[in-house]
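So the structure is just underneath, and the comments pick up after that.
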Amino acid sequence: MSVDTYTETTKIDKLLKKPTSHFQLSTTQLYNKILDNNEGVLTELGAVNASTGKYTGRSPKDKFFVSEPSYRDNIDWGEINQPIDEETFLKLYHKVLDYLDKKDELYVFKGYAGSDKDTMLKLTVINELAWHNLFAKNMFIRPESKEEATKIKPNFTIVSAPHFKADPEVDGTKSETFVIISFKHKVILIGGTEYAGEMKKGIFSVMNYLLPMQDIMSMHCSANVGEKGDVALFFGLSGTGKTTLSADPHRKLIGDDEHGWNKNGVFNIEGGCYAKAINLSKEKEPQIFDAIKYGAILENTVVAEDGSVDFEDNRYTENTRAAYPINHIDNIVVPSKAAHPNTIIFLTADAFGVIPPISKLNKDQAMYHFLSGFTSKLAGTERGVTEPEPSFSTCFGAPFFPLHPTVYADLLGELIDLHDVDVYLVNTGWTGGKYGVGRRISLHYTRQMVNQAISGKLKNAEYTKDSTFGLSIPVEIEDVPKTILNPINAWSDKEKYKAQAEDLIQRFEKNFEKFGEKVEHIAEKGSFNK
């Protein structure tokens, strides 16, 4: 054991043994601490609402992986996976541990990530804030008892000090905020941000390194299972309908965001859900609304003096959130795992109005679209966006995947082949013209298409190959107008459709160039018109 490792272990032990380090508090005890410390307010729904301050989302430019000899050759370094040297990390780590040692109170949670016993990650989470500790308790997998928690010897430790601000010139960071992952020291170090989602996504990034090393696929997707045991996975970026479409009263939820896929099937990495809360209503999303009760956390929502919550008010952020244990939802699988998937749905919101509402993909096309991770940024969603812009996020979650994208794509291709999985590309965006001209595809029609795909009714249906993209489109789907199935038919100006489609194809091709020679085999067989 090196001197540094010995020192940090001693400091961690010292923090854990402090009389004012509260270990494995109950939800009620954490509520009392949150309210006593003025960290949040109680809402009429029973949930507490907390503010994350100026950081209302993740800080991807402030996230680093420590460049360590045993790990550095595996990481796909670049703008997303940024390196920081070990010496710089250790200096900052010790500063944070010394800072936390001076705090009057700390909060400690022990639990797990990964509902598969063979690959379960044992966790210790050390928090400066009580509401962050409740977040960890809600989002990670909880031990059955406090006694079980005391026996957990962690594989990874999260050290979260949101009120510690880094000095970039001294500490080697880019700003006051930092999220640093060290595989050698088995630590996620977080400071300078109160956005609790950094803890959840930090562990997800760790699992996205560790699982593929054991030939286990890790995925940014939601998952559910039908009455007959049929499993469906939903991949998609923000605004594509992933949460809405996977919340189905006739199917049980496995998980809403992070999963692994091993030799036994699919398993949830988490023990909770982190749902978007903007414009939430009981009518539109009853499962999520009903889950926001005692024990849940709301982030950055607007709460009136009487405790009522205005979910439509975005004065603090569009990214309001609700974090709650998965057992706040009635319709779940216990434990959170199931058999191999029968169906995979890739969701995209095409604001150009040219991608078919649903198409069946072969394995090569599936790998191509998985690597592309396409959706659209719409006018108004970001400053300066006045026209729809294509947005590509590798593996439908580029910020969370440390290895080269082909590692995940190749694993996916092998699993699709091995288990004969049906893969569909579903466009929840526009039809009959681009955003501003055409109209959004009806949610009713999208649900019908997804339900038909998941039920297996489209497996052996009749398909036609569209001349523009080379995608296989169902000739007909029950209760869905034929006119929208092939997008060119919904456009009054066919030449405009062809020009818009060709423009999008070129953008896909340009995006794919970033992967280099490693993906030539996928581009050759899986791209449009192939």
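Even glycines carry a Cβ here, placed using N, Cα and C.
Classification of Tyr195 (substrate binding site) by DSSP places it in coil, neither helical nor stranded. Of all Cβ atoms in the shown protein chains, 25 besides its own fall within 10 Å of the Cβ of Tyr195 (substrate binding site). Sequence annotations record features per position, and here Swiss-Prot assigns substrate binding site to Arg58, Tyr195, Lys201, Arg321 based on sequence analysis.
Lys201 (substrate binding site) falls within a helix when secondary structure is assigned with DSSP. The Cβ of Lys201 (substrate binding site) has Arg58, Pro399, Phe400 as same-chain neighbours under 8 Å, each 6 or more residues away in sequence. For Lys201, His220, Asp257, the entry in Swiss-Prot reads Mn(2+) binding site.
Within the same chain, residues at least 6 positions away in sequence whose Cβ sits under 8 Å from that of Gly236 (ATP binding site) are Cys221, Lys242, Ile345, Phe346, Leu347, Thr348, Thr375, Phe396. What Swiss-Prot records for Lys201, His220, 236-244, Glu285, Arg321, 440-441, Thr446 is ATP binding site.
In this structure the alpha carbons, written CA, of Asp257 (Mn(2+) binding site) and Ile441 (ATP binding site) are 24 Å apart. Rounded to the nearest whole angstrom, the C-alpha distance between His220 (Mn(2+) binding site) and Ser238 (ATP binding site) is 12. The binding-site residues considered are Ser238, Thr240, Thr244; of these, Ser238 has the fewest other C-beta atoms within 10 angstroms of its C-beta. Taking CA atoms as the reference points, Thr244 (ATP binding site) and Arg321 (substrate binding site) are 15 Å apart. Each residue contributes its Cα atom, and for Ser238 (ATP binding site) and Arg321 (substrate binding site) these two points are 13 Å apart.
There are 24 other CB atoms within 10 A of the CB of Asp257 (Mn(2+) binding site), with all protein chains counted. The distance from the Cα of Ile441 (ATP binding site) to the Cα of Tyr195 (substrate binding site) comes to 34 Å.
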